[in-house]
Every structure is written in C-alpha cells, then in structure tokens.
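Engineer: One structure follows; several queries about it will come next.
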Amino acid sequence: MFNSQAAVASKIIVALDVPNLEVAIATIHRLPQVQFWKVGLELFCASGPMILDVLKDQGKRIFLDLKLHDIPNTVAAAARAIAPYGVDFVTIHTATGLTGLKTAQAALGESATQLIGVTLLTSIGADTLQQELQIPLDPATYVECMANLAHQAGLAGIVCSPQEAARVKQRWGENFLRICPGIRPLGSATGDQARSLTPNAAFAAGASYLVIGRPILQAADPAAAFDDLCSSLV
C-alpha cells in the first residue's frame, strides 16, 4: 500500500488526547517517530497555544481539531485568531452552514492553514442520526451533503468515517482531503466509535489521512504499536 514506513507515518495523525501539557510533552518524547499530531479540545483547553509551540519547536505537523461551530461572524473571528498559530489543519463543523464555512475560509487569509469540515462525528450511527437528531438520511448520504457544502465553500477537505471516504473521493477527487478517525486495528475495541474500519481497509477505501489515538496511546508499548501499524501498511 505504501513503499516505506516513513511514507505511512506521514499519513497517520496520532490523537494527542491527554489531559494536560505535562502529559502531552511526555507522550511526544515517548513517540519521536510520530510526525503528525492531533490537538483536540481537551488538551487545547488545558494548555492553550503552548502545546502548539512545543510541537512546532520539534518540527511536527499539527491537526488542530477544535470543531468550530457558531454563527458566521464568530467562526470567522476564531479562524482569524487561529491563523497565526501556523497549524496545518483546523476543523469546523459543516453544519455551521455554507455562509459560515465561506467566511471562516476567507478569514484564514494568506495563512497556510487548511480548513477541514467535520461532516458527522464517527460516534453517530444511523439510529442516533435519524431518531435522536431527527435527520431522515442514512449517514453516508448525510456525509455527502455536508461534504458538498465544504467543497462549495472552498475548504481543503473533510473529516468523515472511513466508510464514506470512497464515495467522497469518487465525487470530488484525490485533492479533496478525506481525514478519517474511527480507525481500529484488528483486535482493538471499537469503544464509542459507531462507524469504524481497520487501517488497511480505511486506506483502501480512499482515506487521505488516518486519525488514531487510543489503540496507540493506550497500548502497553505505544512506540511499538505505532511502528507495528506502519509496518502493516507497507
């Protein structure tokens, strides 16, 4: 699937889902081979931009997963504030709507940061979507609708489950990124993920990047777990 472990590692985003800056720094040092880290709400709320400085000082790529979701003026202001951080990706909920997506994209200005639309959380399955949220669509159709908004707004790509990646790639092409969480290696517990696939299946389905957290960070030997994952995809 890939011609080297380094090529695989560049496409694996490890979720730095830890409670504070001290634990984050220890985790980063324990996994020097990881090139790309996801910083989510928990860690960003605990550490603020300091964690971004730590990662940039070590030459790491950063996926800032804040899932912006507010009125257009507010998401634009947030995007404008994020731009100087110099992260690679930042996320926004596509349910913000087309106007909000466009204004947030415009607010990034000349920044190299790419805006990524979150379509449907991978913890949400058909029952939750249709019965609790009262959206009368199956997850794949809903994701395609949200991906269409992101594409219209000029976003770089979307976050979707690996189960929808092929459909998105077929419609919008290779350059419209598909970043896929909900990845569970064989033998791993699915936990709270309702729409998941194995790493091999996810890349085969058309994922551009995989986001993997617990199967690596909660392993007895996280570094070995990451290396084994990369080896399995070469």
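Yeah, the Cβs are placed from backbone N, Cα and C, and that goes for glycine too.
The substrate binding site annotation in Swiss-Prot covers Asp17, Lys38, 65-74, Thr122, Arg184, Gln193, 213-214, and the record cites sequence analysis as its basis. What Swiss-Prot lists as active site, proton donor is Lys67, and the listing cites sequence analysis.
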Engineer: In angstrom units, rounded to an integer, how far apart are the Cα atoms of Lys67 (active site, proton donor) and Thr122 (substrate binding site)?
Structural biologist: 13
Engineer: Pro72 (substrate binding site) has how many other Cβ neighbours within 10 Å of its own Cβ?
Structural biologist: 17
Engineer: Can you check which residues sit near His69 (substrate binding site), meaning Cβ under 8 Å from its Cβ, same chain, 6 or more apart in sequence, and list them in order?
Structural biologist: Val75, Ile92, His93, Ala95, Thr96
Engineer: Counting Cβ atoms within 10 Å across all protein chains shown, which of the recorded positions Asp17, Lys67, Thr122, Gly213 comes out on top?
Structural biologist: Thr122
Engineer: Near Leu66 (substrate binding site), which residues of its own chain have a C-beta under 8 A away, given they sit six or more steps off in sequence?
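Structural biologist: Those within reach of Leu66 (substrate binding site), by Cβ under 8 Å and sequence separation of 6 or more, are Gly40, Leu41, Phe44, Ala78, Ile82, Val90, Thr91.
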